[in-house]
């Protein structure tokens with residue numbers, strides 16, 4: 001009558017004295033016999049020990065024995081208030097006996113202990129929490145039976161659990177370990193949060209928790225995604241039920257609570273059975289085998305219909321014909337899962353080990369008023385690896401090898417038998433992957449090669465596009481004054497042969513300037529002025545007023561305007577216009593010569609009256625363009641037949657009093673051999 005909380009699993013478990021953690025009653029006794037697999041040993045660890053030692057362990061004590069029965073041998077006898085036993089008590093065989101005696105006493109909580117096989121070196125008890133460990137990440141082994149009423153849990157996944165929570169009980173709540181089996185947990189410590197939510201999962205209710213300095217979460221395999229009830233991946237036709245509730249409301253409209261309404265978080269009514277009994281079910285077809293790790297349920301979620309399922313069984317099948325009821329390993333009874341306690345709250349239950357099946361069925365066994373629920377399944381994709389290849393001995397070559405043939409038959413039979421035994425006896429370890437192990441290397445190679453090839457082809461395409469684009473831009477930027485760099489000089493010479501030949505009467509002569517003019521020029525203009533070849537275009541005007549350049553101009557205006565002697569207006573012309581010191585633009589339909597520069601010699605003081613206007617270039621229709629300005633005209637070419645060179649005189653008005661009338665005379669011309677023809 002002295003046994004308290006007890007869960008004895010095949011590899012681990014938990015045990016406590018009666019009434020723990022309150023004072024144990026007087027004159028009670030309890031004895032636990034623990035067995036593990038043959039060949040293994042048992043280790044015992046105490047989480048709390050508080051037994052009255054007033055009579056030196058005479059009437060109240062805890063005794064541990066090697067073995068079970070009359071042949072057992074004592075390992076030790078223990079008592080004391082707040083006794084600290086840091087080490088482990090280890091048996092010499094796979095059996096151990098724990099005996100608790102409680103005599104007459106006034107205080108003492110008793111004890112709580114955990115056990116496991118000796119290969120679990122990182123065993124902890126159900127009372128250990130995250131604050132007992134300083135590492136930011138660690139692995140521990142939780143024994144079976146850590147869902148205890150005197151341990152606290154605050155928080156939930158994925159946000160985390162408060163650091164004061166029991167590690168193993170939180171692991172059960174999170175679904176990473178089983179309460180009946182125990183298991184390994186991988187804990188990660190991080191910074192705490194201001195508020196910890198409450199939730200119900202795996203028969204563990206976590207409480208609301210306040211701010212803490214740290215929290216912990218668990219590393220898992222990641223196979224906890226939703227399988228398509230809420231999202232609609234599972235079609236309506238794949239959700240069926242044993243019956244459907246139909247009933248008219250006050251307005252006479254018929255309400256049908258169909259099975260496709262059983263989607264978690266879907267607004268509206270749930271699925272409900274027409275008859276509420278233990279033979280009702282809700283079935284989900286996953287279209288192919290999936291790895292199912294958990295289920296989340298709610299009630300009707302309608303305040304006016306307070307319906308929910310409080311307990312249910314789980315069945316699964318591969319063909320929807322033969323059904324298997326879910327049981328925990330080592331148990332001979334169907335597992336009954338805790339359902340909802342009200343119609344709104346989401347309740348989660350995990351399957352450890354997971355279910356591998358295509359068809360999933362929920363069979364309610366307890367409910368409130370009517371069977372009604374909404375559901376979501378948790379899990380991931382599942383695939384089966386290929387069976388291992390069997391290497392056979394070579395066949396017999398002659399009659400003397402009959403023994404070898406018999407041996408080969410025996411070998412094949414033994415291999416087949418061993419494969420069948422392994423398949424039925426042990427649960428295969430299945431990794432969370434959608435790729436079979438035999439093609440993993442090929443997939444890894446393809447995962448590397450495909451991106452590399454895509455990058456190479458993309459780079460080549462970009463290079464070609466950039467080259468084409470650069471070529472087009474290059475063509476667009478090559479204008480009248482920016483010839484291709486590969487033939488800037490020879491291009492015009494080649495084009496000259498297609499142009500009309502100049503007549504001898506308009507043959508140009510080189511232009512020369514005096515040293516006084518050259519001194520006014522910028523350095524970069526000197527080589528241009530002093531060139532000795534015949535100019536291909538009309539030479540720029542030294543002074544005068546011309547119109548603004550228009551289309552088909554043979555000269556490109558320079559940007560900006562630089563002051564020089566050509567900018568002066570010695571005659572104070574009444575009309576001042578914007579000009580560039582270049583020849584007029586070519587006519588639109590005329591030959592491609594520069595527009596002639598026409599000078600009215602009659603208006604110059606040094607020229608006889610009535611002298612005709614002289615042009616150095618041929619113009620369209622032999623008509624001179626209108627003259628701009630009436631006071632000052634400068635000639636850029638001479639028309640005299642006496643000399644082939646043009647020379648300028650010195651400026652007029654040298655001397656005092658004539659500085660304000662500084663002008664240049666018209667160039668003194670030497671008669672050109674062809675002048676008489678022009679006249």
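Glycine residues also receive a Cβ, built from the backbone N, Cα and C atoms like all the rest.
Whatever TrEMBL says is automated annotation, not expert-curated.
Given the ranges 612-645, 646-679, the record in TrEMBL names 646-679 as region 'Disordered'. TrEMBL lists transmembrane segment for one of the ranges 417-442, 443-468, 469-494, namely 443-468.
The DSSP breakdown of the domain 'LCCL' (120-216), given as helix, strand and coil counts, is 11 helix, 38 strand, 48 coil. Shown are the disulfide-bonded residues 3, 30; of these, the residue with the fewest other Cβ atoms within 10 Å is 3. Taken as a whole, the domain 'F5/8 type C' (223-380) shows an average pLDDT of 94 in this prediction.
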